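Undergrad: Residues or ranges marked as transmembrane segment by TrEMBL: 26-52, 73-93, 113-133, 145-168, 193-217. The domain 'TLC' annotation in TrEMBL covers 61-277.
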Amino acid sequence: MMWITGTGVGLINIAGYATPTKELHWLSSVFVGILMCKIVYDLTGVISSSLFKGYDKLNNKEKLEWNNRGFSTFHAIVVAAGSLYLLIFSDLFGDSQDGLIINRSSTLSDTLLGVSIGYFLSDLAMICYNYPALGGVEYVIHHGLSMYSIILSLLSGQAQLYILMVLFTESTTPFVNLRWHLDVAGLKNSKMYIYNGVALFFGWLVARIILFVFFFYHMFIHFDQMVHRPILGQECLPLGILQLDFCTSSDLTDESVLVLENCQRHGKTLRKARHSR
């Protein structure tokens with residue numbers, strides 16, 4: 001029999017949900033995520049060396065983070081696009097479907113969660129191996145909790161709707177990474193840097209503020225599905241919800257600082273432009 005640990009509910013039996021076919025699919029998805037990170041990491045270095053003259057002038061630490069942010073951006077695009085499709089365009093969480101909305105999953109949603117686990121494993125391995133070049137303890141904690149919540153949701157088939165909402169917030173990551181790339185490339189005064197900052201602000205507003213208002217509202221109106229309902233013979237809170245709150249709040253704080261920095265910098269740029277006139 002298979003058991004997993006959930007927040008505040010102890011051990012939960014998932015033997016009725018996990019099958020050999022699903023287990024193989026989950027492991028394959030995680031492997032694909034790891035392989036994806038390795039391939040994109042190598043391609044980022046090759047492409048950057050060919051197209052960006054300043055890449056070869058970067059030191060080893062900067063090249064390491066440059067390539068690391070390459071597969072971070074690629075993962076963000078993949079999971080954000082997949083989450084958007086599953087949440088908006090597919091019928092997975094539509095009213096026409098039978099069953100509790102927080103109990104729904106599909107092959108595609110399982111694949112997306114598995115790929116994300118592979119990404120977090122790869123990124124966490126790089127962070128630990130090159131510590132503290134790619135981030136400190138806060139990154140280790142964040143990645144650990146993120147993986148924990150995704151794994152619980154994947155293995156139980158519960159709360160994938162909310163996991164996908166959180167994964168969609170990765171849509172702001174490419175702008176954060178591009179901001180770093182432009183900074184390292186010495187292009188902080190370029191128009192591209194300003195345009196990217198504006199895009200980051202509006203993306204952050206939609207994905208990190210408006211979305212989370214809906215996120216918590218949706219949890220509230222479906223609270224009866226989250227507690228006091230029998231799951232495999234016992235009362236259970238959908239797994240990963242409390243972990244999600246912690247992880248997303250830390251992400252929100254980090255990007256809030258970036259957005260405020262962008263607003264401050266853009267304000268100074270506009271004042272200088274007006275003064276020069």
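Cβ coordinates come from backbone N, Cα and C, glycine included.
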Undergrad: Which residues, given as numbers and ranges, are at least 6 beyond the ends of the transmembrane segment (113-133) yet have a Cβ under 8 Å from it?
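TA: Hits for the transmembrane segment (113-133): 25-38, 61, 64-65, 68, 71-72, 75, 78-79, 139-140, 143-144, 146-147, 150-151, 153-154, 160, 163, 167.
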Undergrad: Looking only at the domain 'TLC' (61-277), what is the model's average confidence as pLDDT?
TA: 81
